[in-house]
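Note sheet for the following structure.
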Amino acid sequence: MSDLIRSTAAELAAKIASREVSAVEVAQAHLDRIAEVDGSVKAFLHVDAEGALAAARRVDEDVAAGNAPASPLAGVPLALKDVFTTEGVPTTCGSKMLEGWRPPYDATVTRRLKEAGVVILGKTNMDEFAMGSSTENSAYGPTRNPWDLDRIPGGSGGGSSASLAAFEAPLAIGTDTGGSIRQPGSVTGTVGVKPTYGGVSRYGLVAFSSSLDQAGPCARTVLDAALLHEIIAGHDPLDSTSVDAPVPPVVAAAREGANGDLTGVRVGVVTQFSGEGYQPGVLRSFEAAVAQLKQLGAEIVEVSCPSFDYALPAYYLIAPSEASSNLARFDAMRYGLRVGDDGTRSAEEVMSLTREAGFGAEVKRRIMIGTYALSSGYYDAYYGSAQKVRTLISRDFESAFATVDVLVSPTTPTTAFRIGERTGDPMAMYKADLCTIPANLAGNAAMSVPSGLSDEDGLPVGLQIMAPALQDHRMYRVAAAYEAARDAALGHTVISQVPQLEGAAR
Amino acid sequence: MPSISRDEVAHLARLARLAVTDDELDLFAGQLDVILQSVATVGDIATADIPPTSHAVPLTNVFREDAVRPSLGQQQALAGAPAAEDGRFRVPRILGEEA
(Lines of atoms letter the chains of each structure in order from A and count residues from 1; the text may use other names and numbers.)
(Lines give C-alpha, C1' and ligand atoms only; values in the text may rest on other atoms or scores of the structure.)
Protein backbone atom coordinates (compact mmCIF):
# COMPACT_ATOMS: atom_id res chain seq x y z
CA MET A 1 0.00 0.00 0.00
CA SER A 2 1.38 3.39 -0.96
CA ASP A 3 2.73 5.55 1.88
CA LEU A 4 0.81 8.49 0.49
CA ILE A 5 -2.60 7.04 1.33
CA ARG A 6 -1.49 6.09 4.85
CA SER A 7 -0.16 9.58 5.62
CA THR A 8 -1.95 12.10 7.78
CA ALA A 9 -3.39 15.21 6.17
CA ALA A 10 -0.84 17.36 8.01
CA GLU A 11 2.04 15.29 6.60
CA LEU A 12 0.63 15.41 3.07
CA ALA A 13 0.18 19.18 3.19
CA ALA A 14 3.78 19.65 4.36
CA LYS A 15 5.14 17.39 1.61
CA ILE A 16 3.10 19.17 -1.05
CA ALA A 17 4.17 22.62 0.18
CA SER A 18 7.85 21.57 0.16
CA ARG A 19 7.46 20.01 -3.34
CA GLU A 20 8.51 16.61 -2.02
CA VAL A 21 5.40 15.29 -3.72
CA SER A 22 2.88 16.98 -6.01
CA ALA A 23 -0.77 17.44 -5.16
CA VAL A 24 -1.59 15.63 -8.41
CA GLU A 25 0.39 12.57 -7.30
CA VAL A 26 -1.41 12.60 -3.95
CA ALA A 27 -4.82 12.94 -5.61
CA GLN A 28 -3.99 10.18 -8.11
CA ALA A 29 -2.84 7.82 -5.34
CA HIS A 30 -6.19 8.25 -3.60
CA LEU A 31 -8.17 7.92 -6.84
CA ASP A 32 -6.26 4.69 -7.54
CA ARG A 33 -7.09 3.43 -4.07
CA ILE A 34 -10.77 4.23 -4.59
CA ALA A 35 -10.72 2.36 -7.93
CA GLU A 36 -9.11 -0.58 -6.16
CA VAL A 37 -11.26 -1.00 -3.04
CA ASP A 38 -14.47 0.98 -3.39
CA GLY A 39 -16.16 -1.84 -5.27
CA SER A 40 -16.28 -3.67 -1.93
CA VAL A 41 -16.47 -0.70 0.51
CA LYS A 42 -18.94 1.45 -1.48
CA ALA A 43 -18.10 4.65 0.35
CA PHE A 44 -18.59 6.89 -2.68
CA LEU A 45 -21.74 7.71 -4.62
CA HIS A 46 -19.80 9.81 -7.10
CA VAL A 47 -16.07 10.14 -7.77
CA ASP A 48 -15.05 13.40 -9.44
CA ALA A 49 -11.61 12.37 -10.76
CA GLU A 50 -11.46 15.19 -13.29
CA GLY A 51 -12.42 17.87 -10.79
CA ALA A 52 -10.02 16.51 -8.18
CA LEU A 53 -7.05 16.42 -10.54
CA ALA A 54 -7.83 19.92 -11.80
CA ALA A 55 -7.94 21.23 -8.22
CA ALA A 56 -4.68 19.44 -7.43
CA ARG A 57 -3.02 20.94 -10.52
CA ARG A 58 -4.02 24.43 -9.37
CA VAL A 59 -2.35 23.79 -6.00
CA ASP A 60 0.82 22.54 -7.72
CA GLU A 61 0.89 25.63 -9.96
CA ASP A 62 0.52 27.79 -6.89
CA VAL A 63 3.41 26.04 -5.15
CA ALA A 64 5.56 26.23 -8.29
CA ALA A 65 4.90 29.97 -8.52
CA GLY A 66 6.32 30.36 -5.03
CA ASN A 67 3.02 31.48 -3.48
CA ALA A 68 2.19 30.74 0.14
CA PRO A 69 -0.21 27.77 0.48
CA ALA A 70 -3.89 28.74 0.37
CA SER A 71 -4.33 26.94 3.72
CA PRO A 72 -2.53 24.42 5.98
CA LEU A 73 -4.38 21.69 4.05
CA ALA A 74 -3.75 22.88 0.48
CA GLY A 75 -3.57 19.92 -1.89
CA VAL A 76 -4.94 17.37 0.58
CA PRO A 77 -7.77 15.14 -0.74
CA LEU A 78 -11.15 14.99 0.97
CA ALA A 79 -14.38 12.97 0.76
CA LEU A 80 -17.51 15.14 0.97
CA LYS A 81 -20.79 13.84 2.35
CA ASP A 82 -23.41 13.88 -0.40
CA VAL A 83 -25.67 16.21 1.61
CA PHE A 84 -23.69 19.33 0.59
CA THR A 85 -24.42 21.05 -2.69
CA THR A 86 -21.59 21.05 -5.19
CA GLU A 87 -22.02 23.16 -8.31
CA GLY A 88 -22.35 20.91 -11.36
CA VAL A 89 -21.48 17.75 -9.39
CA PRO A 90 -24.30 15.31 -8.50
CA THR A 91 -25.83 15.72 -5.04
CA THR A 92 -28.33 13.03 -4.03
CA CYS A 93 -28.49 12.93 -0.20
CA GLY A 94 -28.68 9.15 -0.67
CA SER A 95 -32.19 9.55 -2.09
CA LYS A 96 -33.89 8.61 -5.35
CA MET A 97 -35.67 11.95 -5.00
CA LEU A 98 -32.49 13.76 -6.08
CA GLU A 99 -30.99 11.17 -8.44
CA GLY A 100 -29.05 12.96 -11.16
CA TRP A 101 -29.53 16.42 -9.64
CA ARG A 102 -26.61 18.77 -10.29
CA PRO A 103 -26.95 21.78 -8.00
CA PRO A 104 -26.51 25.25 -9.49
CA TYR A 105 -24.48 26.46 -6.48
CA ASP A 106 -21.87 25.47 -3.90
CA ALA A 107 -22.58 25.08 -0.19
CA THR A 108 -20.51 27.42 1.99
CA VAL A 109 -18.56 24.37 3.26
CA THR A 110 -17.85 23.36 -0.36
CA ARG A 111 -16.76 26.89 -1.24
CA ARG A 112 -14.43 27.15 1.77
CA LEU A 113 -12.83 23.80 0.97
CA LYS A 114 -12.21 24.88 -2.62
CA GLU A 115 -10.78 28.23 -1.54
CA ALA A 116 -8.46 26.42 0.90
CA GLY A 117 -7.06 24.29 -1.93
CA VAL A 118 -8.56 21.11 -0.48
CA VAL A 119 -9.03 18.54 -3.25
CA ILE A 120 -12.58 17.14 -3.25
CA LEU A 121 -12.40 13.53 -4.48
CA GLY A 122 -16.13 12.91 -4.60
CA LYS A 123 -19.38 12.55 -2.70
CA THR A 124 -19.89 9.94 0.00
CA ASN A 125 -22.79 7.62 0.70
CA MET A 126 -25.22 8.30 3.54
CA ASP A 127 -28.54 7.28 5.01
CA GLU A 128 -31.26 8.95 2.95
CA PHE A 129 -31.45 12.64 3.96
CA ALA A 130 -29.16 11.73 6.90
CA MET A 131 -31.86 9.68 8.62
CA GLY A 132 -30.26 6.57 10.03
CA SER A 133 -27.38 5.07 11.98
CA SER A 134 -26.01 2.51 9.53
CA THR A 135 -26.05 3.88 5.93
CA GLU A 136 -28.48 1.05 5.13
CA ASN A 137 -31.17 3.66 4.42
CA SER A 138 -29.28 4.89 1.36
CA ALA A 139 -31.31 4.38 -1.81
CA TYR A 140 -28.05 3.33 -3.46
CA GLY A 141 -27.23 0.43 -1.13
CA PRO A 142 -25.21 0.26 2.10
CA THR A 143 -21.60 1.21 2.64
CA ARG A 144 -19.50 -1.47 4.31
CA ASN A 145 -17.19 -1.14 7.30
CA PRO A 146 -13.53 -1.64 6.28
CA TRP A 147 -12.92 -3.41 9.63
CA ASP A 148 -15.44 -6.11 8.63
CA LEU A 149 -17.27 -5.84 5.32
CA ASP A 150 -20.34 -7.60 6.77
CA ARG A 151 -20.82 -4.79 9.27
CA ILE A 152 -22.19 -1.26 9.11
CA PRO A 153 -19.84 1.77 8.99
CA GLY A 154 -22.23 3.81 11.14
CA GLY A 155 -24.62 6.44 9.91
CA SER A 156 -25.74 8.62 8.59
CA GLY A 157 -22.20 9.53 7.50
CA GLY A 158 -21.03 5.95 6.90
CA GLY A 159 -19.53 6.78 3.51
CA SER A 160 -17.33 9.47 5.03
CA SER A 161 -16.15 7.30 7.94
CA ALA A 162 -15.55 4.25 5.72
CA SER A 163 -13.55 6.32 3.21
CA LEU A 164 -11.14 7.27 6.03
CA ALA A 165 -10.79 3.74 7.41
CA ALA A 166 -10.30 2.34 3.88
CA PHE A 167 -7.53 4.89 3.20
CA GLU A 168 -9.51 6.29 0.28
CA ALA A 169 -9.21 9.80 1.76
CA PRO A 170 -7.33 11.30 4.73
CA LEU A 171 -10.11 13.81 5.41
CA ALA A 172 -13.89 13.83 5.17
CA ILE A 173 -16.84 16.03 5.99
CA GLY A 174 -19.92 14.82 7.81
CA THR A 175 -23.07 16.28 9.32
CA ASP A 176 -24.31 15.48 12.80
CA THR A 177 -27.99 15.87 13.70
CA GLY A 178 -28.14 13.15 16.37
CA GLY A 179 -24.68 11.58 16.12
CA SER A 180 -24.14 11.11 12.37
CA ILE A 181 -20.49 12.19 12.56
CA ARG A 182 -19.54 10.74 15.96
CA GLN A 183 -21.18 7.30 15.78
CA PRO A 184 -19.66 6.49 12.34
CA GLY A 185 -16.30 7.70 13.73
CA SER A 186 -16.70 5.38 16.71
CA VAL A 187 -17.44 2.22 14.74
CA THR A 188 -14.67 2.79 12.17
CA GLY A 189 -11.84 3.78 14.52
CA THR A 190 -11.70 7.34 13.19
CA VAL A 191 -12.09 10.85 14.65
CA GLY A 192 -15.39 12.68 14.19
CA VAL A 193 -16.29 16.13 15.48
CA LYS A 194 -19.63 17.87 15.90
CA PRO A 195 -18.70 21.53 16.44
CA THR A 196 -20.85 23.87 18.51
CA TYR A 197 -24.21 24.45 16.77
CA GLY A 198 -23.77 27.41 14.43
CA GLY A 199 -19.99 26.93 14.28
CA VAL A 200 -20.05 25.74 10.65
CA SER A 201 -22.42 27.18 8.06
CA ARG A 202 -25.52 25.23 7.04
CA TYR A 203 -25.86 27.13 3.76
CA GLY A 204 -26.10 24.51 1.01
CA LEU A 205 -26.43 21.66 3.53
CA VAL A 206 -29.69 19.97 2.55
CA ALA A 207 -31.79 20.39 5.70
CA PHE A 208 -32.98 17.46 7.84
CA SER A 209 -33.62 19.05 11.24
CA SER A 210 -32.51 22.66 11.08
CA SER A 211 -32.20 23.32 14.82
CA LEU A 212 -29.93 20.28 15.20
CA ASP A 213 -27.98 19.89 11.91
CA GLN A 214 -24.29 20.68 12.24
CA ALA A 215 -21.47 20.02 9.76
CA GLY A 216 -18.08 18.96 11.03
CA PRO A 217 -14.69 17.44 10.27
CA CYS A 218 -13.78 13.73 10.09
CA ALA A 219 -10.18 12.47 10.00
CA ARG A 220 -7.83 9.74 11.21
CA THR A 221 -6.05 11.99 13.76
CA VAL A 222 -7.19 14.70 16.15
CA LEU A 223 -4.82 17.27 14.65
CA ASP A 224 -6.11 16.62 11.12
CA ALA A 225 -9.68 17.11 12.34
CA ALA A 226 -8.64 20.40 13.98
CA LEU A 227 -6.94 21.66 10.83
CA LEU A 228 -10.08 20.89 8.81
CA HIS A 229 -12.31 22.39 11.50
CA GLU A 230 -10.59 25.77 11.18
CA ILE A 231 -11.03 25.75 7.40
CA ILE A 232 -14.76 25.07 7.36
CA ALA A 233 -15.80 27.00 10.51
CA GLY A 234 -16.63 30.67 10.91
CA HIS A 235 -19.44 33.13 10.52
CA ASP A 236 -21.50 33.02 7.33
CA PRO A 237 -24.05 35.74 6.57
CA LEU A 238 -25.91 33.23 4.38
CA ASP A 239 -26.87 31.15 7.45
CA SER A 240 -29.06 33.01 9.92
CA THR A 241 -28.05 30.66 12.76
CA SER A 242 -24.32 30.98 12.08
CA VAL A 243 -22.49 32.13 15.21
CA ASP A 244 -20.84 35.51 14.73
CA ALA A 245 -17.84 34.86 16.97
CA PRO A 246 -14.19 33.89 16.43
CA VAL A 247 -13.55 30.21 15.59
CA PRO A 248 -12.38 28.41 18.76
CA PRO A 249 -8.57 27.85 18.61
CA VAL A 250 -8.84 24.11 17.99
CA VAL A 251 -5.52 23.60 16.17
CA ALA A 252 -3.53 25.23 18.98
CA ALA A 253 -5.49 23.11 21.47
CA ALA A 254 -4.72 19.90 19.57
CA ARG A 255 -1.01 20.77 19.48
CA GLU A 256 -1.02 21.65 23.18
CA GLY A 257 -2.85 18.43 24.07
CA ALA A 258 -0.32 16.34 22.15
CA ASN A 259 2.26 17.34 24.78
CA GLY A 260 0.39 14.94 27.02
CA ASP A 261 -0.34 16.93 30.15
CA LEU A 262 -3.91 17.28 31.44
CA THR A 263 -3.02 18.48 34.93
CA GLY A 264 -5.84 20.57 36.32
CA VAL A 265 -8.41 19.45 33.72
CA ARG A 266 -11.65 18.24 35.33
CA VAL A 267 -13.30 15.39 33.42
CA GLY A 268 -16.87 14.35 34.24
CA VAL A 269 -18.05 10.79 33.59
CA VAL A 270 -21.77 10.80 32.74
CA THR A 271 -23.29 8.15 35.00
CA GLN A 272 -26.40 7.72 32.82
CA PHE A 273 -24.37 6.29 29.93
CA SER A 274 -23.50 2.78 31.14
CA GLY A 275 -25.21 -0.35 32.33
CA GLU A 276 -27.96 -2.21 30.52
CA GLY A 277 -27.75 -2.15 26.73
CA TYR A 278 -24.01 -1.39 26.71
CA GLN A 279 -21.66 -3.98 25.30
CA PRO A 280 -19.21 -5.09 28.04
CA GLY A 281 -16.17 -4.66 25.76
CA VAL A 282 -17.26 -1.09 25.01
CA LEU A 283 -17.53 -0.31 28.72
CA ARG A 284 -14.12 -1.86 29.42
CA SER A 285 -12.57 0.22 26.64
CA PHE A 286 -14.24 3.32 28.07
CA GLU A 287 -13.00 2.60 31.59
CA ALA A 288 -9.47 2.10 30.30
CA ALA A 289 -9.69 5.44 28.49
CA VAL A 290 -10.83 7.19 31.66
CA ALA A 291 -7.93 5.61 33.56
CA GLN A 292 -5.59 6.92 30.88
CA LEU A 293 -6.98 10.46 31.25
CA LYS A 294 -6.37 10.19 34.99
CA GLN A 295 -2.77 9.14 34.35
CA LEU A 296 -2.34 12.25 32.21
CA GLY A 297 -3.20 14.35 35.25
CA ALA A 298 -6.93 14.91 34.74
CA GLU A 299 -9.21 14.93 37.73
CA ILE A 300 -12.06 12.43 37.23
CA VAL A 301 -15.49 12.94 38.80
CA GLU A 302 -18.84 11.27 38.25
CA VAL A 303 -21.59 13.55 37.01
CA SER A 304 -25.29 12.74 36.93
CA CYS A 305 -27.40 14.20 34.09
CA PRO A 306 -30.81 12.62 34.81
CA SER A 307 -32.67 14.19 31.89
CA PHE A 308 -30.28 12.55 29.41
CA ASP A 309 -32.43 9.41 29.74
CA TYR A 310 -35.14 11.39 27.94
CA ALA A 311 -32.92 12.74 25.17
CA LEU A 312 -33.63 9.86 22.78
CA PRO A 313 -37.45 10.17 22.91
CA ALA A 314 -37.24 13.98 22.72
CA TYR A 315 -34.97 13.75 19.69
CA TYR A 316 -37.26 11.30 17.88
CA LEU A 317 -40.05 13.86 18.19
CA ILE A 318 -38.12 17.06 17.44
CA ALA A 319 -36.06 15.77 14.51
CA PRO A 320 -39.01 14.15 12.66
CA SER A 321 -41.14 17.26 13.29
CA GLU A 322 -38.57 19.52 11.68
CA ALA A 323 -37.96 16.94 8.94
CA SER A 324 -41.64 16.75 8.04
CA SER A 325 -41.53 20.49 7.40
CA ASN A 326 -38.11 20.60 5.69
CA LEU A 327 -38.86 17.73 3.34
CA ALA A 328 -42.05 19.41 2.13
CA ARG A 329 -39.76 21.12 -0.38
CA PHE A 330 -39.56 17.87 -2.36
CA ASP A 331 -42.77 18.55 -4.23
CA ALA A 332 -41.83 17.44 -7.79
CA MET A 333 -42.18 20.96 -9.15
CA ARG A 334 -38.82 22.76 -9.28
CA TYR A 335 -36.11 20.09 -9.12
CA GLY A 336 -35.67 16.43 -8.41
CA LEU A 337 -37.95 13.53 -9.26
CA ARG A 338 -41.40 13.83 -10.85
CA VAL A 339 -43.61 10.77 -11.25
CA GLY A 340 -47.03 10.28 -12.87
CA ASP A 341 -47.28 13.60 -14.76
CA ASP A 342 -49.45 12.20 -17.56
CA GLY A 343 -51.38 15.34 -18.40
CA THR A 344 -54.49 14.25 -16.50
CA ARG A 345 -53.28 14.07 -12.90
CA SER A 346 -53.31 17.14 -10.67
CA ALA A 347 -50.24 18.67 -9.04
CA GLU A 348 -51.31 17.21 -5.73
CA GLU A 349 -51.60 13.69 -7.16
CA VAL A 350 -48.24 14.00 -8.91
CA MET A 351 -46.72 15.29 -5.68
CA SER A 352 -48.04 12.32 -3.66
CA LEU A 353 -46.97 9.76 -6.26
CA THR A 354 -43.53 11.35 -6.51
CA ARG A 355 -42.95 11.44 -2.76
CA GLU A 356 -44.15 7.84 -2.49
CA ALA A 357 -41.70 6.73 -5.20
CA GLY A 358 -38.81 9.01 -4.21
CA PHE A 359 -38.61 8.52 -0.44
CA GLY A 360 -37.50 5.35 1.34
CA ALA A 361 -39.24 3.72 4.31
CA GLU A 362 -37.32 5.51 7.10
CA VAL A 363 -37.90 8.94 5.57
CA LYS A 364 -41.62 8.18 5.24
CA ARG A 365 -41.80 6.97 8.84
CA ARG A 366 -40.18 10.14 10.12
CA ILE A 367 -42.31 12.45 7.99
CA MET A 368 -45.44 10.77 9.38
CA ILE A 369 -44.20 10.85 13.00
CA GLY A 370 -43.41 14.54 12.59
CA THR A 371 -46.77 15.24 10.98
CA TYR A 372 -48.44 13.45 13.89
CA ALA A 373 -46.40 15.20 16.60
CA LEU A 374 -47.23 18.61 15.13
CA SER A 375 -50.97 17.92 14.73
CA SER A 376 -53.35 19.95 16.84
CA GLY A 377 -54.51 17.80 19.73
CA TYR A 378 -51.16 15.99 19.96
CA TYR A 379 -48.82 19.00 19.80
CA ASP A 380 -48.64 19.65 23.54
CA ALA A 381 -48.20 16.00 24.54
CA TYR A 382 -45.51 15.26 21.96
CA TYR A 383 -43.67 18.19 20.36
CA GLY A 384 -44.33 20.59 23.25
CA SER A 385 -43.10 18.08 25.84
CA ALA A 386 -40.03 17.28 23.77
CA GLN A 387 -39.13 20.97 23.70
CA LYS A 388 -39.37 21.05 27.49
CA VAL A 389 -37.05 18.05 27.75
CA ARG A 390 -34.66 20.02 25.59
CA THR A 391 -34.64 22.75 28.25
CA LEU A 392 -33.90 20.17 30.96
CA ILE A 393 -31.02 18.70 28.98
CA SER A 394 -29.47 22.15 28.52
CA ARG A 395 -29.81 22.71 32.28
CA ASP A 396 -28.10 19.40 33.03
CA PHE A 397 -25.20 20.40 30.77
CA GLU A 398 -25.03 23.83 32.45
CA SER A 399 -24.83 22.41 35.93
CA ALA A 400 -22.31 19.76 34.83
CA PHE A 401 -20.05 22.32 33.16
CA ALA A 402 -20.18 24.44 36.31
CA THR A 403 -18.02 21.78 37.97
CA VAL A 404 -16.15 20.05 35.11
CA ASP A 405 -14.33 21.18 31.95
CA VAL A 406 -15.46 18.32 29.71
CA LEU A 407 -17.81 15.34 29.96
CA VAL A 408 -16.98 11.87 28.66
CA SER A 409 -18.97 8.74 27.77
CA PRO A 410 -18.84 5.92 25.25
CA THR A 411 -19.81 7.38 21.84
CA THR A 412 -22.29 4.59 21.12
CA PRO A 413 -23.34 1.58 23.23
CA THR A 414 -21.99 -1.13 20.90
CA THR A 415 -19.37 -1.79 18.26
CA ALA A 416 -20.40 -2.02 14.59
CA PHE A 417 -23.40 -4.28 14.21
CA ARG A 418 -24.04 -6.56 11.24
CA ILE A 419 -25.66 -5.27 8.07
CA GLY A 420 -29.35 -6.16 8.25
CA GLU A 421 -29.31 -6.77 12.02
CA ARG A 422 -31.50 -3.78 12.97
CA THR A 423 -33.26 -2.83 9.73
CA GLY A 424 -36.56 -4.44 10.77
CA ASP A 425 -36.64 -2.72 14.18
CA PRO A 426 -36.51 1.10 14.00
CA MET A 427 -36.29 1.51 17.80
CA ALA A 428 -33.21 -0.77 18.00
CA MET A 429 -31.58 1.33 15.27
CA TYR A 430 -32.42 4.58 17.08
CA LYS A 431 -30.60 3.39 20.21
CA ALA A 432 -27.25 3.74 18.42
CA ASP A 433 -27.65 7.50 19.02
CA LEU A 434 -28.32 7.21 22.76
CA CYS A 435 -25.15 8.97 23.97
CA THR A 436 -24.69 11.43 21.14
CA ILE A 437 -28.11 13.10 21.06
CA PRO A 438 -27.89 15.31 24.19
CA ALA A 439 -25.17 17.49 22.62
CA ASN A 440 -27.35 18.05 19.54
CA LEU A 441 -30.35 19.06 21.62
CA ALA A 442 -28.29 21.48 23.74
CA GLY A 443 -26.12 22.65 20.83
CA ASN A 444 -22.76 22.26 22.55
CA ALA A 445 -19.62 20.71 21.04
CA ALA A 446 -18.84 16.97 21.11
CA MET A 447 -16.47 14.57 19.39
CA SER A 448 -15.51 10.90 19.16
CA VAL A 449 -11.92 9.70 19.32
CA PRO A 450 -10.99 5.99 19.01
CA SER A 451 -10.35 4.25 22.35
CA GLY A 452 -8.92 1.06 20.88
CA LEU A 453 -10.65 -2.19 20.06
CA SER A 454 -13.29 -4.03 22.05
CA ASP A 455 -11.65 -7.09 23.65
CA GLU A 456 -14.57 -9.38 22.76
CA ASP A 457 -14.89 -8.74 19.01
CA GLY A 458 -11.79 -6.80 17.96
CA LEU A 459 -13.85 -3.91 16.59
CA PRO A 460 -13.23 -0.19 17.22
CA VAL A 461 -14.73 1.68 20.16
CA GLY A 462 -15.13 5.45 20.46
CA LEU A 463 -14.64 7.78 23.42
CA GLN A 464 -17.03 10.71 23.34
CA ILE A 465 -15.77 14.03 24.74
CA MET A 466 -18.30 16.84 25.20
CA ALA A 467 -17.50 20.53 25.83
CA PRO A 468 -19.59 23.64 26.43
CA ALA A 469 -20.80 25.75 23.50
CA LEU A 470 -17.94 27.61 21.78
CA GLN A 471 -15.39 25.78 23.93
CA ASP A 472 -14.62 23.26 21.16
CA HIS A 473 -10.90 23.68 21.85
CA ARG A 474 -11.28 22.09 25.30
CA MET A 475 -12.30 18.73 23.87
CA TYR A 476 -9.59 18.87 21.19
CA ARG A 477 -6.95 19.32 23.90
CA VAL A 478 -8.23 16.33 25.87
CA ALA A 479 -8.66 14.23 22.71
CA ALA A 480 -5.12 14.96 21.46
CA ALA A 481 -3.59 14.17 24.85
CA TYR A 482 -5.56 10.94 25.06
CA GLU A 483 -4.71 9.97 21.46
CA ALA A 484 -0.97 10.39 22.10
CA ALA A 485 -1.09 8.42 25.36
CA ARG A 486 -3.22 5.68 23.76
CA ASP A 487 -0.80 5.26 20.83
CA ALA A 488 2.18 5.21 23.20
CA ALA A 489 0.52 2.55 25.35
CA LEU A 490 -0.51 0.41 22.35
CA GLY A 491 2.76 0.92 20.52
CA HIS A 492 0.83 1.82 17.34
CA THR A 493 -2.24 3.74 16.16
CA VAL A 494 -5.72 2.21 16.28
CA ILE A 495 -6.29 2.73 12.55
CA SER A 496 -3.10 0.79 11.67
CA GLN A 497 -4.92 -2.36 12.86
CA VAL A 498 -7.61 -2.19 10.17
CA PRO A 499 -7.41 -5.40 8.07
CA GLN A 500 -6.03 -5.27 4.56
CA LEU A 501 -8.93 -5.04 2.11
CA GLU A 502 -9.57 -7.56 -0.65
CA GLY A 503 -8.15 -6.39 -3.92
CA ALA A 504 -5.58 -4.21 -2.18
CA ALA A 505 -2.19 -4.01 -3.85
CA ARG A 506 0.51 -6.26 -2.45
CA MET B 1 -54.38 -0.40 23.10
CA PRO B 2 -52.39 0.99 20.17
CA SER B 3 -51.69 4.73 20.31
CA ILE B 4 -52.25 5.08 16.59
CA SER B 5 -54.62 3.19 14.27
CA ARG B 6 -54.14 2.11 10.67
CA ASP B 7 -56.74 4.69 9.61
CA GLU B 8 -54.86 7.44 11.42
CA VAL B 9 -51.64 6.44 9.65
CA ALA B 10 -53.50 6.59 6.33
CA HIS B 11 -54.69 10.08 7.25
CA LEU B 12 -51.15 11.16 8.14
CA ALA B 13 -49.86 9.83 4.82
CA ARG B 14 -52.50 11.91 2.98
CA LEU B 15 -51.53 15.03 4.95
CA ALA B 16 -47.86 14.41 4.16
CA ARG B 17 -48.61 13.79 0.45
CA LEU B 18 -47.36 10.21 0.47
CA ALA B 19 -49.36 7.81 -1.74
CA VAL B 20 -48.52 4.82 0.45
CA THR B 21 -49.57 1.28 -0.48
CA ASP B 22 -51.75 -1.02 1.64
CA ASP B 23 -48.73 -3.15 2.49
CA GLU B 24 -46.86 -0.08 3.70
CA LEU B 25 -49.84 0.95 5.83
CA ASP B 26 -49.79 -2.45 7.55
CA LEU B 27 -46.06 -2.15 8.22
CA PHE B 28 -46.00 1.51 9.23
CA ALA B 29 -49.04 1.28 11.53
CA GLY B 30 -47.25 -1.27 13.72
CA GLN B 31 -43.90 0.51 13.64
CA LEU B 32 -45.29 3.99 14.28
CA ASP B 33 -47.24 2.64 17.22
CA VAL B 34 -44.07 1.23 18.83
CA ILE B 35 -42.15 4.46 18.17
CA LEU B 36 -44.91 6.75 19.44
CA GLN B 37 -45.43 4.72 22.62
CA SER B 38 -41.69 4.91 23.26
CA VAL B 39 -41.27 8.65 22.64
CA ALA B 40 -44.39 9.49 24.66
CA THR B 41 -42.21 9.09 27.78
CA VAL B 42 -41.16 12.74 27.31
CA GLY B 43 -44.42 13.54 29.09
CA ASP B 44 -43.06 11.94 32.29
CA ILE B 45 -40.75 14.86 33.11
CA ALA B 46 -42.18 17.72 31.01
CA THR B 47 -44.06 19.54 33.73
CA ALA B 48 -46.01 22.77 33.18
CA ASP B 49 -43.38 25.02 34.81
CA ILE B 50 -40.61 24.19 32.32
CA PRO B 51 -40.24 26.61 29.41
CA PRO B 52 -39.84 25.00 25.95
CA THR B 53 -36.60 25.34 23.97
CA SER B 54 -37.03 25.55 20.22
CA HIS B 55 -33.43 26.27 19.43
CA ALA B 56 -30.02 25.65 21.00
CA VAL B 57 -28.88 29.24 20.58
CA PRO B 58 -31.13 32.20 21.33
CA LEU B 59 -32.39 33.56 18.02
CA THR B 60 -33.13 37.12 17.16
CA ASN B 61 -34.02 38.43 13.75
CA VAL B 62 -30.97 38.71 11.57
CA PHE B 63 -31.04 41.52 9.05
CA ARG B 64 -28.68 42.12 6.16
CA GLU B 65 -27.96 45.21 4.15
CA ASP B 66 -30.57 45.69 1.44
CA ALA B 67 -27.91 45.48 -1.25
CA VAL B 68 -28.11 43.92 -4.69
CA ARG B 69 -26.02 40.78 -5.03
CA PRO B 70 -25.70 38.09 -7.71
CA SER B 71 -28.30 35.34 -7.78
CA LEU B 72 -29.13 32.36 -9.96
CA GLY B 73 -30.00 33.19 -13.54
CA GLN B 74 -33.17 31.86 -15.19
CA GLN B 75 -31.30 29.08 -17.00
CA GLN B 76 -29.57 27.93 -13.81
CA ALA B 77 -32.79 28.02 -11.81
CA LEU B 78 -34.59 25.92 -14.44
CA ALA B 79 -31.68 23.55 -15.01
CA GLY B 80 -32.95 20.99 -12.50
CA ALA B 81 -36.65 21.35 -13.29
CA PRO B 82 -38.59 18.14 -14.06
CA ALA B 83 -40.30 20.12 -16.83
CA ALA B 84 -39.89 23.65 -18.14
CA GLU B 85 -41.66 25.62 -20.84
CA ASP B 86 -41.19 29.17 -22.13
CA GLY B 87 -38.55 29.86 -19.46
CA ARG B 88 -40.83 28.81 -16.63
CA PHE B 89 -41.44 25.75 -14.47
CA ARG B 90 -44.15 23.64 -16.10
CA VAL B 91 -46.39 22.05 -13.46
CA PRO B 92 -49.45 19.76 -13.60
CA ARG B 93 -52.88 21.39 -13.23
CA ILE B 94 -53.30 22.75 -9.74
CA LEU B 95 -57.13 22.71 -9.55
CA GLY B 96 -59.29 19.58 -9.29
CA GLU B 97 -62.08 18.72 -11.78
CA GLU B 98 -64.73 19.84 -9.35
CA ALA B 99 -63.10 23.19 -8.66
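Even glycines carry a Cβ here, placed using N, Cα and C.
Those TrEMBL annotations? Automatic predictions, nothing curated.
Neighbour list (A:K81 (active site, charge relay system), Cβ cut-off 8 Å, at least 6 residues apart, same chain): A:K123, A:T124, A:M126, A:G157, A:G159, A:S160, A:A172, A:I173, A:G174, A:T175. Marked as active site, charge relay system by TrEMBL: A:K81 (among others).
The annotation active site, charge relay system is assigned in TrEMBL to A:S156 (among others). Proximity of A:S156 (active site, charge relay system) to non-local residues of its own chain (separation of 6 or more, Cβ distance below 8 Å) is seen for A:G94, A:M126, A:D127, A:A130, A:M131, A:G132, A:S133, A:T135, A:N137, A:T175, A:T177, A:S180, A:P184, given in sequence order.
A:S180 (active site, acyl-ester intermediate) falls within neither a helix nor a strand when secondary structure is assigned with DSSP, and so counts as coil. According to TrEMBL, the active site, acyl-ester intermediate annotation covers A:S180.
The annotation domain 'Amidase' is assigned in TrEMBL to A:25-474. Model confidence over the domain 'Amidase' (A:25-474) is summarised by a mean pLDDT of 97.
Its Cβ placed at the centre, A:S180 (active site, acyl-ester intermediate) has 36 other Cβ atoms within 10 Å. DSSP classifies A:S156 (active site, charge relay system) as coil under the three-state reduction.
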